[in-house]
Amino acid sequence: MKKVSSLSELGLANDVHHALFRPIQEAAPPSPTKRHTKISVVGAGNVGMAIAQTILTQHLADELALVDAKPDMLRGEMLDLQHAAAFLPHTKILASPDYSVTAGSDICIITAGARQLPGETRLSLLQRNLALFKQIVPPVAKYSPGTLLLVVSNPVDVLTYIAWKLSGFPPNRVIGSGTNLDSSRFKFLLAEHLEVNAQDVQAYMVGEHGDSSVALWSSISVGGVPILSQLTKDKAAMEQGVLERIRKAVVESAYEVIRLKGYTSWAIGYSVANLARSLLRDQHRIHPVSLLAKGFYGIPEDHEVFLSLPAQLGRSGVLSVANIQLSEEEAARLRRSADTLWELQRQLEI
């Protein structure tokens, strides 16, 4: 009996991938593969160090570089990690306020950002972050011209747009952490409600990271079973009400953590390490991340906004965007977010 080596030999069309995913415009190929892997983290605060610690324990890099404007604190963090060398896989750990330490990075993760002051407008906060990113992104791009930029700083969608503009990189190589963590929280709460394992839940939060994020209710499934389509109309209406409360709980969960401990760190650390693994190891996994969204789901081509969409990630960054069927309401909310961000971005001098 002849051994079948691919599904195409069984009659599955070769172009089925293009029906499921849309390619990224103006995408650049991956940088040349090398055995030595280097990750840089810019910003050694609570989030930056949680990311660094998770990267180390999961052995995602042979070399880890830390950058921060506070040299004494930075050196202290570096030494603290180096002293754990006996308990960790071998990784060279460097730290400096000088961006030359990031040279040759495969991924540069930016966590630095200005915090909102009491009474400060969103535009004023963005202008302060724009000034900060003008000090960060150009030197990072200079020392690692082939790197992938992964922005974690908030407001992540606009700052990812700013990083893209300042770097001059093709859009597939500039990514925001977006709603990857929001989606993880969403799956956890859904799993609790449905009494199943969170790994068996397929659910995404998309759009703008934060209060206006969009829960894709229509695509939620457990073990491959679409949830809403299995319910009667009365039950579906009831469940959608429950899901909206869960969506709000997802949005408010970060605020609760901040209220209780002052900041969030561990969950975003694992989320970003999860993204770094998919990128570095060319896993082609699908993550909801902030990417250049123009042209997708009815977002106008002239709106150069970054929003979270389920995307396939690999060594060259964003490979493609999943063609998920959105309801009219979901698509409309996504486009409203794009319009709001575009109007805000047009006020920035960049």
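In case you wondered, yes, glycine gets a Cβ from its N, Cα and C as well.
Copied over from TrEMBL, here are the features:
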DOMAIN    37-176  domain 'Lactate/malate dehydrogenase N-terminal'
BINDING   G43, A44, G45, N46, V47, G48, D68, N129, V152, S153, N154  NAD(+) binding site
DOMAIN    179-342  domain 'Lactate/malate dehydrogenase C-terminal'
ACT_SITE  H209  active site, proton acceptor
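Structure with TrEMBL features highlighted.
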residue	record	CB count, 10 Å
G43	NAD(+) binding site	23
G45	NAD(+) binding site	16
V47	NAD(+) binding site	25
D68	NAD(+) binding site	23
V152	NAD(+) binding site	27
N154	NAD(+) binding site	21
H209	active site, proton acceptor	30
DSSP-derived helix, strand and coil totals, residue by residue, for the domain 'Lactate/malate dehydrogenase N-terminal' (37-176): 68 helix, 25 strand, 47 coil
Residues G43, A44, G45, N46, V47, G48, D68, N129, V152, S153, N154 binding NAD(+) per the record - widest CA separation, whole Å: 18
